[in-house]
């Protein structure tokens, strides 16, 4: 038997053996300072700056560029498109200004450079940018012309959807002319064609919302166009019928004319024969003019002037 003194005492918490070092990591370096070894000739990509990430995200949204314009509707459309993208990204006011200025090109870029010269754009909010933009591209003369066009706008020959699109564009530039929903509906009804407006307002409950007004106008336009197409088909059918009838009329007229010529020639021959017989009977037919003989005196005379032999 082995003596008791030679037994190895058991440990309560044995320490596990150390794990082998990971490949590419230096030994003897604290774990919080471990840096992976990069093979020679291969460099890791440098981390992107925060603003670079922002602009990359903004590019992926395919934001429209703006080169400047004299049409306030085009300028307003660009501003709305940019604002929708910036609101979706959920960025700060300062970054909104940075992203919006990134899309300015040509004349718009020159305008922004003048703004940078007279203002501190680093502290500019998005609302300040919108104000500067509208001062530049929503001048008073153009806005006055747009207000007149909005007041006197008529649908004309365009469709309801096209008219509504133009109406909304002008309405954004003239918010003071449509302070509430009822005023907007009333102006839209005046814009529609008379036949469409009559059908929209003919119901028991005229529309009080813009959405209802547009929906009923589209429906009225559809049925009016259907009625016009049906009438056009009837007109074309009648026209084709008249064309077919006219194709047979010249042949009939020619046949009747040839028959009339034959009858007239026969009647003329009969009449000529009657006149000839009548002339022979009365002695008033056609006679030849023979030359008259001269008498001894050299004068023309009748046969009674010649001396009678005893």
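Please read every residue number as a count from 1 along the shown chain.
Note: Cβ is positioned from N, Cα and C throughout, glycine not excepted.
Caution: TrEMBL annotation is automatic and unverified by curators.
According to TrEMBL:
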- 1-27: region 'Disordered' (REGION)
- 14-23: compositional bias 'Pro residues' (COMPBIAS)
- 100-190: domain 'Retrotransposon gag' (DOMAIN)
- 243-310: region 'Disordered' (REGION)
- 249-272: compositional bias 'Polar residues' (COMPBIAS)
- 281-292: compositional bias 'Polar residues' (COMPBIAS)
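With helix defined as DSSP H, G or I and strand as E or B, the domain 'Retrotransposon gag' (100-190) counts 69 helix, 1 strand, 21 coil. Across the domain 'Retrotransposon gag' (100-190), the model assigns an average pLDDT of 91.
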